[in-house]
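Q: In case it helps, TrEMBL gives these features for our protein:
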type	residues	note
COMPBIAS	26-43	compositional bias 'Low complexity'
COMPBIAS	66-79	compositional bias 'Acidic residues'
DOMAIN	120-220	domain 'Cyclic nucleotide-binding'
DOMAIN	252-365	domain 'N-terminal Ras-GEF'
DOMAIN	370-418	domain 'PDZ'
REGION	1-85	region 'Disordered'
Amino acid sequence: YLQLPADLTKMHLTDSPHPQVMHVPSSQSGCSIASDSGSSSLSDIYQATESEMGDVDLTGLPEAPVDSEDEEEEEDEDIDRTSDPLLGRDVVRECLEKEPADKTDDDIEQLLEFMHQLPAFANMTMSVRRELCSVMIFEVVEQAGAIILEDGQELDSWYVILNGTVEISYPDGKSESLCMGNSFGITPSLDKQYMNGVVRTKVDDCQFVCIAQQDYWRILNHVEKNTHKVEEEGEIVMVKEHRELDRSGTRKGHIVIKATPERLIMHLIEEHSIVDPTYIEDFLLTYRTFLTSPLEVGNKLLEWFTVDSLRDKVTRVVLLWVNNHFNDFEGDPAMTRFLEEFEKNLEDTKMKGHLRLLNIACAAKAKWRQITLQKPSRDSPLFFSLLGGSDKGFGIFVETVETGSKAAEAGLKRGDQV
């Protein structure tokens, strides 16, 4: 815990974080509160105490020596980070050069990690990508200007460029250049297809992955069997995809890939598949992209808390929320009130263990800040009440703050520790 200066009489009160100290007239009295639940730091208090001492001459003080060992370690880390992509590509190439039957689960995971960055695979589900990675074949064309496909040639594969550039020259004289991540060749159909134009390499060392027509059609045509659609009142509100994380079949289940905002919120308290164990964390990280206010989630959680069977699940969501995204609460008065109401619900239902976890999470994420509250006279009300002290055996905390009062406007909150 940070200690306040021993001589508090030397502290000036400030109404802004500006370094300039403001002297409060004798006709006014003030209350300076250093809280541990804000977004500012304690530096404002130190500014006030140091200003009383006057300008401090720092000349002549020794400069802190630079730790050369730390610098060398950082340089080593930079070198490691720089070489990682090259190392990754070498590992991917080793996986690609194996025959499809020889690829292990680890090989397919390596390929998945690499392939999901390429535009050709962008709109495919994970299970489709996984299947394609298990059957793809690696090909290299060493020389620039080599013809890969002739005009009118029967197609039998789908190609994705991993390195280099190819040019497609069409019969009408137009041409098109394709680079890393682009694809050409067949469409997912068993019908006979023929190349329209000539495909040739533009640079040396062009690398491709090829997927045979039969495999390409089979995998893309059977996407429907890997998805489960949830309908409500005749409309699809959620789409789940079946995934298997290994070939043993022990780690398999459904993962949500599409849903309406309302259905995504509801899924917070539903059973999550073994293949989607971090749904709550993912939701709390991304909900800002499809919800206008966090209260849409907060109000539903308070509503579900009244149901005995959902209480533990709701509490887990709130604890993860507070622990991972505390700014959502301390920066929003409405969300602070939500947290207070949730805390009261935990007290009323005597969930003391969960209440303690909530208090620990809030205390761990809280930050020091300085608040200045000015009154017209010493007899004026403070608009807040305190709890605790040495006679109680714990610190001094703000118990209540009147809504809309000067104390609330100054930023004082219930639970602030003085």
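A Cβ is built for glycine as well, from the same backbone N, Cα and C atoms used for every other residue.
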Q: Is it possible to list how many residues within the domain 'N-terminal Ras-GEF' (252-365) are helical, extended or coil according to DSSP?
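A: Secondary-structure breakdown of the domain 'N-terminal Ras-GEF' (252-365): 82 helix, 8 strand, 24 coil.
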Q: Going by DSSP, how much of the domain 'PDZ' (370-418) is helix, how much is strand and how much is coil, in residues?
A: 5 helix, 21 strand, 23 coil
Q: Is it possible to list how many residues within the domain 'Cyclic nucleotide-binding' (120-220) are helical, extended or coil according to DSSP?
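A: Split by secondary structure, the domain 'Cyclic nucleotide-binding' (120-220) comes out as 20 helix, 39 strand, 42 coil.
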